[in-house]
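Chemist: Okay, handing you the structure first.
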Amino acid sequence: MILPSLLVASLSALAAAGPVPPSALEARQSESASDLENGICKPVVLIFARGSTESGNMGYIAGMPTCNALKTKLGSDQVACQGVGGAYTAGLIPNFLPNNTDQASIDEATKMFDLAHTQCPDAQIVAGGYSQGTAVMDGSIQALPDDIKSTVKGVVLFGFTRNLQDNGQIPNYPKDQTKVICAPGDLVCDGTLIITPAHLTYALYAGEAAEFLASKVSA
């Protein structure tokens, strides 16, 4: 594990100089999605937690690309997207806590799952997270009440910060409903918080993530 100051420096340098896929540049135009909070229900609801320092509530590195890819796969009229915002501010320091995020952020994700369950009872829920957002989802999903957890059909985790600690899965959630995507060279997946350029490439894997999530929802 590295010091917070070094992590800040790494993220700043990589954000400024690291290669960014074209799809990620397009997604920067819109980094938020709040369908649930706007009262919109569709057959499939994607709830996503962005990575540290990303703006909006979805982020451009993995969140919005996954939302867009899932809409392309299933149809825009079939998919609602909701980012985890509010108390989850995607700050850097919570990465260094025992759960790699803080309880307020986990609770905010749980709030979104509860909203989807109560507001859209017939919807099939899928979820995702990137970087610190994977820890947010990990902490939330493993503690969901069974009646809500059973409606979460699939989860994708990009650059899973608890990949080593949790053995590549979310505790108390079916492993076959979870896809961990780790880019070659992403040391975060090896149990460190060392940020390499590979950690910024996950827009490239949005199609793969969407394929997995689509395979977990019924037609």
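Note: Cβ is positioned from N, Cα and C throughout, glycine not excepted.
Feature list, courtesy of Swiss-Prot:
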type	residues	note
ACT_SITE	S131	active site, nucleophile
ACT_SITE	D186	active site
ACT_SITE	H199	active site, proton donor/acceptor
DISULFID	C41-C120	disulfide bond
DISULFID	C67-C81	disulfide bond
DISULFID	C182-C189	disulfide bond
CARBOHYD	N99	N-linked glycosylation site
SIGNAL	1-17	signal peptide
SITE	S52	site 'Transition state stabilizer'
SITE	Q132	site 'Transition state stabilizer'
Chemist: Helix, strand or coil: which one is S52 (site 'Transition state stabilizer') in, per DSSP?
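Modeler: It is coil.
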Chemist: Just checking: which of C41, Q132, H199 have a Cα that is within 10 Å of the Cα of the residue listed as 'active site', counting only these recorded positions?
Modeler: H199
Chemist: If you count CB neighbours within 10 Å, which one among the disulfide-bonded residues C41, C67, C81, C182 has the smallest count?
Modeler: C41
Chemist: Cβ distance under 8 Å to N99 (N-linked glycosylation site), same chain, sequence separation 6 or more: which residues?
Modeler: I106, A135, D138, G139, R162
Chemist: Looking at the recorded positions C41, C120, Q132, H199, which has the shortest Cα distance to C182 (disulfide bond)?
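Modeler: Checked the recorded positions C41, C120, Q132, H199; minimum Cα distance to C182 (disulfide bond) goes to H199.
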Chemist: Give the three-state DSSP assignment (helix, strand or coil) for H199 (active site, proton donor/acceptor).
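Modeler: Reduced to three states, the DSSP call for H199 (active site, proton donor/acceptor) is helix.
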Chemist: Of the recorded positions C67, C81, C120, H199, which one sits closest to the residue listed as 'active site, nucleophile' when you measure Cα to Cα?
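Modeler: Going through C67, C81, C120, H199 one by one, the Cα closest to that of the residue listed as 'active site, nucleophile' is H199.
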Chemist: What's the number of neighbouring CB atoms sitting within 10 A of the CB on Q132 (site 'Transition state stabilizer')?
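Modeler: Other Cβ atoms within 10 Å of Q132 (site 'Transition state stabilizer'): 28.
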Chemist: Please identify, among the recorded positions C41, C120, Q132, C189, the one with the smallest Cα-Cα distance to C67 (disulfide bond).
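Modeler: Smallest Cα separation from C67 (disulfide bond) among C41, C120, Q132, C189: C41.
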Chemist: Which of the recorded positions S52, C120, Q132, H199 has its Cα nearest to the Cα of C81 (disulfide bond)?
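Modeler: The answer is C120.
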Chemist: Taking the Cβ of each of the disulfide-bonded residues and counting other Cβ atoms inside 10 Å, which one has the highest number: C120, C189?
Modeler: C189
Chemist: Fewest other Cβ atoms within 10 Å: which of the recorded positions S52, S131 wins that one? Let me know.
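Modeler: Each of the recorded positions S52, S131 was scored by Cβ atoms within 10 Å; lowest is S52.
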